[in-house]
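What TrEMBL lists as domain 'Amidohydrolase-related' is 42-391. Here TrEMBL flags HIS50, HIS52, HIS199, ASP287 as Zn(2+) binding site. Look at TrEMBL and you will find GLU79, ARG132, HIS172, GLU202, ASP287 tagged as substrate binding site.
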Amino acid sequence: MDEGQPVKYGYMVINEGKIEGIYEEEVKEEAGEVIDAKGKLIIPGFVNTHGHTGSTLLRGAGDDLPLNTWLKEVMWPMEQRFTKETTKAATSLAIGEMLKSGTTTFLDMYHLHMDQTAELILESGMNGVLCRGMIGLCSKEEQAEKLKESVELYKTWHNSGDGKIKVMLAPHAPYTCPPDFMEMIIEKAHEHGIALHTHLSETRKEVEEHIGTYGKHPAEHLSELGFFEGHALIAHGVHLSDVELSLLARKGTYISHNPKSNLKLGSGVADVKKMKEKNIRVCLGTDSSASNNTLDMFEEMRFASLIHKGVNEDPTAVSARDILFMAAQNGGKALQYEKKGRLKKGYDADFSIVEPGGMHTLPDPEERIVSHLVYAHKGSDVTDVFANGKQLVKNKELLTMDEEKIRFNAREALAKLRR
Ligand SMILES: [Zn+2]
């Protein structure tokens with residue numbers, strides 16, 4: 001995952017949480033702790049650029065409903081009953097699942113107990129971007145309160161934990177944040193130099209309604225309000241016009257492509273082939289396990305690689321290598337981590353060890369490694385995971401979290417909600 005070809009036989013030296021070097025030769029001298037990964041693959045930790053860990057307990061709830069009905073009749077009413085304990089159980093489960101399938105960095109947009117999420121990130125040893133999702137369909141006072149809370153979150157947590165944690169400002173979406181509220185948020189972001197994240201043009205319906213109300217496309221509208229002037233990441237971008245795509249390309253905006261969630265909610269398929277042609281920086285995200293229903297980036301890579309071939313009737317639409325870069329390197333940049341998503345000297349030592357011995361990945365000649373990673377491997381093939389040089393998963397076991405407790409608490413929290 002450097003610019004060149006994979007290093008076939010060699011070793012990587014980790015020191016003080018960073019990659020000190022990668023060498024294509026026999027180990028001459030051993031120093032410190034030695035991890036033997038002979039016969040296995042070492043890949044960069046995945047960066048999951050869009051999700052909502054707080055809704056993990058809603059996995060499988062209200063399946064097969066349209067997005068609007070699903071949000072209004074299932075998600076939001078259930079979420080109103082969430083306690084601090086519920087979100088802790090949900091976020092811990094999400095972190096555990098992500099870690100075990102090779103994700104070392106994630107973005108979390110949620111509106112409840114984000115301080116607790118920050119603490120869980122630090123406990124787990126992962127990297128995470130906190131976004132206090134703001135829905136503006138409320139009074140001016142409540143809007144101001146939500147924005148204040150978001151800025152507080154930034155002041156408290158941004159770059160904490162030796163840079164593991166970052167914070168972005170996150171208006172939920174143009175259809176839930178009226179333009180004047182959106183403008184307030186953008187102003188705050190620029191005032192403090194905070195990056196912005198939002199859902200954008202996920203469904204055709206929301207785009208049509210936006211055009212009906214404001215006479216312009218949502219991305220053009222956001223652009224007028226200044227949304228793309230600083231560092232910006234949008235989720236979905238399924239129904240962006242050609243003009244909007246060119247606009248995002250010019251602004252250097254990142255797009256978090258969430259193919260599985262878009263398919264499951266029947267939202268459509270983002271035009272990643274065109275995004276690629278316009279040199280837009282696309283990264284991958286799972287969205288929440290309520291609309292996915294897993295947080296496994298291997299699955300996300302597979303969907304992202306296959307749907308664009310099918311929809312475009314063109315097997316060259318995206319390559320396996322493109323997809324790997326989206327899942328790691330582009331994601332790192334999108335989340336403002338300068339040194340993540342690559343195995344390269346000077347980069348953060350965020351990586352996974354993948355077991356290639358499964359029948360689903362045989363035969364495995366060297367030149368098929370990248371192909372297998374995208375088209376054949378599964379999250380459960382990950383055996384060991386490191387973030388910032390620290391081992392977080394060993395032989396498929398979580399080292400920093402108690403998996404038994406996570407499983408028990410997840411079931412218990414849902415049972416309590418139902419009671
Ligand atoms: Zn989302």
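Cβ coordinates come from backbone N, Cα and C, glycine included.
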Which listed residue (HIS50, HIS52, HIS172, HIS199) has most other Cβ within 10 Å, given these are binding-site residues: HIS50
Cβ contacts of ASP287 (Zn(2+) binding site) (under 8 Å, same chain, 6 or more positions away): HIS50, GLY51, HIS52, ALA235, ASN258, LYS260, SER261
Collapsed DSSP category at HIS52 (Zn(2+) binding site): coil
Integer mean pLDDT for the domain 'Amidohydrolase-related' (42-391): 96
DSSP three-state assignment for GLU79 (substrate binding site): helix
Inter-residue Cα distance where the pair is HIS172 (substrate binding site) and HIS199 (Zn(2+) binding site), in Å: 6
For substrate, whose listed binding residues are GLU79, ARG132, HIS172, GLU202, ASP287, the greatest C-alpha pairwise distance in Å: 21
Per DSSP, three-state class assigned to ARG132 (substrate binding site): strand
